[in-house]
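Engineer: Pasting a structure here, questions to come.
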Amino acid sequence: MKSIVYEKKLPKLTALEIAKNSKKKVICGMSGGVDSSVSAFILQQQGYQVEGLFMKNWEEDDDTDYCTAANDLADAQAVCDKLGIKLHKINFAAEYWDNVFEHFLAEYKAGRTPNPDILCNKEIKFKAFLEYAVEDLGADYIATGHYVRRSDVNGQTKLLRGLDSNKDQSYFLYTLSKDQVAQSLFPVGEIEKPIVRAIAGDLGLITAEKKDSTGICFIGERKFKDFLERFLPAQPGEIRMVDGKVIGKHDGLMYYTLGQRKGLGIGGVKGLSEDPFYVVDKDLINNVLVVAQGNDNSALLSQGLMATQLYWIDRLPIRQNLRCTVKTRYRQKDVACEVIPINDDCIEVRFDEPQIAVTPGQSAVFYQGEVCLGGGVIERQIK
């Protein structure tokens with residue numbers, strides 16, 4: 001199979017490089033999406049022995065309208081058939097439930113806002129999948145459709161942002177070790193998303209125009225609140241202003257996140273302006289949702305944060321203050337900061353400029369230029 005876009009846009013490998021790659025077996029994670037589809041094709045063009053693997057990480061329930069696993073598997077199989085590669089199938093639902101979903105529920109129950117995609121990458125895609133591919137399928141590498149890059153210079157393996165800044169997914173991969181990165185290939189991390197779709201179109205792949213998946217994988221397109229209340233009992237309570245004034249009722253603290261504006265159910269309040277309300281705190285002890293008005297309200301701002309559960313790509317804890325940049329949520333622009341080590345599993349982070357909606361349970365991920373250094377889970381804000 002050939003793609004004119006691929007031949008025009010991607011660098012050519014030498015015959016020697018292709019011959020070297022031909023001795024290496026790569027198991028490419030096939031999600032049924034366009035990114036993994038094109039990743040498999042690129043690996044083929046680079047000479048690797050390529051096989052696909054479809055992971056089932058969630059058992060379907062009665063809400064068949066929301067579960068796309070069967071459709072995704074069919075698309076992954078169609079792509080592999082078109083490319084002429086074998087597709088393996090594996091069920092990691094038990095591992096996902098134990099290592100990702102139960103943690104997700106525990107964090108929400110504790111009033112924090114976790115990121116299950118980060119935990120899924122840590123526990124499933126770059127642990128269970130990697131181990132299975134290497135030990136059971138004889139892989140030299142795994143590959144995924146993540147928009148990140150790998151750098152190998154002077155024996156040092158580093159994780160870099162994806163070339164397409166709009167699609168960079170390094171934020172979700174900060175828990176990886178340099179050894180895991182060294183065993184992984186990220187073919188689409190070197191190109192931009194429109195080129196990925198153009199290559200898929202050239203090849204006539206069924207996934208060429210398929211919409212990117214959004215939201216949490218096990219929830220799909222259903223309403224988050226409806227899903228969560230099936231597993232955790234809601235505890236309604238009061239909504240109060242920062243000064244303690246009661247202005248409404250909330251449905252349960254777990255349904256709200258810091259900085260949230262929509263869905264608060266607060267109408268016009270007598271004696272107050274028309275400025276929108278934002279969540280600024282969750283008082284777990286008293287079951288109170290605290291709000292303030294205006295997107296520039298000082299109650300929304302944090303001077304820094306404390307983070308724990310640290311993972312550095314090189315697995316070397318920092319011993320002295322570090323100047324770098326940080327993201328406290330996906331798609332946020334980098335913020336200049338200073339990282340102050342407290343111990344091997346706790347850091348203080350001081351922003352150069354105050355930041356809004358720093359949310360416990362989410363991750364703070366650190367960078368120096370293009371290099372992702374690692375990160376940790378936000379324990380609390382520093383006001």
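Every residue gets a Cβ built from N, Cα and C, even glycine.
For reference, Swiss-Prot lists these features for the protein:
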- GLY29, MET30, SER31, GLY32, GLY33, VAL34, ASP35, SER36, MET55, GLY145: ATP binding site (BINDING)
- CYS120: active site, nucleophile (ACT_SITE)
- CYS120-CYS217: disulfide bond (DISULFID)
- HIS146: site 'Interaction with tRNA' (SITE)
- CYS217: active site, cysteine persulfide intermediate (ACT_SITE)
- GLN362: site 'Interaction with tRNA' (SITE)
Engineer: Nearest to GLY29 (ATP binding site) in three-dimensional space, by Cα, is which of the recorded positions CYS120, HIS146, GLN362?
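Structural biologist: If we rank CYS120, HIS146, GLN362 by Cα distance to GLY29 (ATP binding site), first place goes to HIS146.
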Engineer: Using C-alpha atoms, which one of the recorded positions CYS120, HIS146, GLN362 comes nearest to GLY33 (ATP binding site)?
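Structural biologist: It is HIS146, whose Cα lies nearest.
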Engineer: Please identify, among the recorded positions CYS120, HIS146, GLN362, the one with the smallest Cα-Cα distance to ASP35 (ATP binding site).
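Structural biologist: If we rank CYS120, HIS146, GLN362 by Cα distance to ASP35 (ATP binding site), first place goes to HIS146.
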Engineer: Can you tell which of the recorded positions SER31, MET55, CYS120, HIS146 lies nearest to GLN362 (site 'Interaction with tRNA') in space, using Cα positions?
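Structural biologist: Ranked by Cα distance from GLN362 (site 'Interaction with tRNA'), first place goes to CYS120.
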Engineer: Rounded to a whole angstrom, what is the largest C-alpha distance between any two of the residues GLY29, MET30, SER31, GLY32, GLY33, VAL34, ASP35, SER36, MET55, GLY145 that the record assigns to ATP?
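Structural biologist: Among the residues the record ties to ATP, max Cα distance equals 16 Å.
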Engineer: Which number gives the other C-beta atoms within 10 angstroms of the C-beta of GLY29 (ATP binding site), all protein chains shown included?
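Structural biologist: The answer is 24 other Cβ atoms.
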Engineer: Round to the nearest Å and give the CA-to-CA distance linking CYS120 (active site, nucleophile) with MET55 (ATP binding site).
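Structural biologist: Cα-Cα distance, CYS120 (active site, nucleophile) to MET55 (ATP binding site): 12 Å.
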Engineer: For the C-alpha pair, I'd like the distance in angstrom between MET55 (ATP binding site) and HIS146 (site 'Interaction with tRNA'), rounded off.
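Structural biologist: Each residue's Cα considered, MET55 (ATP binding site) and HIS146 (site 'Interaction with tRNA') end up 15 Å apart.
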Engineer: List the residues of the same chain that sit at least 6 positions away from SER31 (ATP binding site) in sequence and have their Cβ under 8 Å from its Cβ, in sequence order, or write 'none'.
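Structural biologist: When sequence neighbours closer than 6 are ignored, SER31 (ATP binding site) has PHE54, MET55, ASP72, ALA76, GLY145, SER213 within Cβ distance under 8 Å.
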Engineer: Taking the Cβ of HIS146 (site 'Interaction with tRNA') as centre, how many other Cβ atoms lie within 10 Å?
Structural biologist: 26
